[in-house]
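I have placed the structure first, in the form of structure tokens, so that the comments after it can refer back to it.
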Amino acid sequence: MDSNTVSSFQVDCFLWHVRKQIVDQELGDAPFLDRLRRDQKSLRGRGSTLGLDIETATHVGKQIVEKILKEESDEALTMTMASTPASRYITDMTTEELSRDWFMLMPKQKVEGPLCIRIDQAIMDKNIMLKANFSVIFDRLETLILLRAFTEEGAIVGEISPLPSFPGHTIEDVKNAIGVLIGGLEWNDNTVRVSKTLQRFAWGSSNEDGGPPLTPKQKRKMARTTRSKVRRDKMAD
């Protein structure tokens with residue numbers, strides 16, 4: 001096992017512990033709490049994959065951080081902070097929409113790279129809006145926290161979320177997953193729109209009809225998903 005992978009996990013565990021203390025003292029805002037919950041799931045998945053105990057890793061991570069801070073000067077810290085671009089947290093969804101539990105009548109789940117796509121195949125003939133919470137850097141989507149598909153009545157009918165055991169994803173991963181989700185929803189004659197905020201930071205532009213400007217590759221992926229479903233339906237008949 002790569003030593004850098006282990007030390008990175010150990011430091012992440014300790015930093016999560018520090019952030020948890022901030023929340024316990026009621027010093028964190030909603031986005032801070034949201035990231036804390038998501039990172040907790042990610043750390044559990046990574047710990048299981050690496051075969052490492054989180055509590056032990058947290059103690060080792062503390063030692064690593066303390067050693068770095070002991071050697072770090074205030075001047076070097078200031079220079080590092082000044083030269084590092086800051087991420088922004090974008091919220092399409094309210095805290096209630098983000099944390100709400102939802103259930104599927106006809107569940108369908110698909111893993112697309114490091115992302116998990118869930119869709120309720122029982123939903124038909126609905127107007128659906130895709131909304132997401134994510135971080136942005138250099139005016140481009142950096143990390144997807146959670147994407148959900150809402151009907152006009154406010155019901156959740158689809159979702160894209162990062163896999164806890166597979167940390168890290170690119171903007172292309174997110175766009176490909178959105179293409180698969182849209183293809184699945186449109187198959188049942190639903191009309192799908194993407195929020196202007198998500199269009200802006202994922203594609204750098206927006207369409208008046210709310211449709212994302214998918215690339216030819218993403219359109220082919222949607223077409224393959226549709227053809228595969230047609231074949232399965234014919235076999236079932």
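Keep in mind that glycine also has a Cβ here, set from the backbone N, Cα and C atoms.
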Checklist entry - Looking at 167-174, 223-230, which one does Swiss-Prot call region 'PABPN1-binding'? => result 223-230
Checklist entry - What counts of helix, strand and coil residues does DSSP assign across the region 'RNA-binding and homodimerization' (1-73)? => result 61 helix, 0 strand, 12 coil
Checklist entry - Going along the chain, which residues at least six beyond the ends of the motif 'Nuclear export signal' (137-146) come within the CB cut-off of under 8 Å? => result 34-35, 38, 85-88, 93, 98, 115, 159-162, 169, 171, 174, 198, 201-202, 204
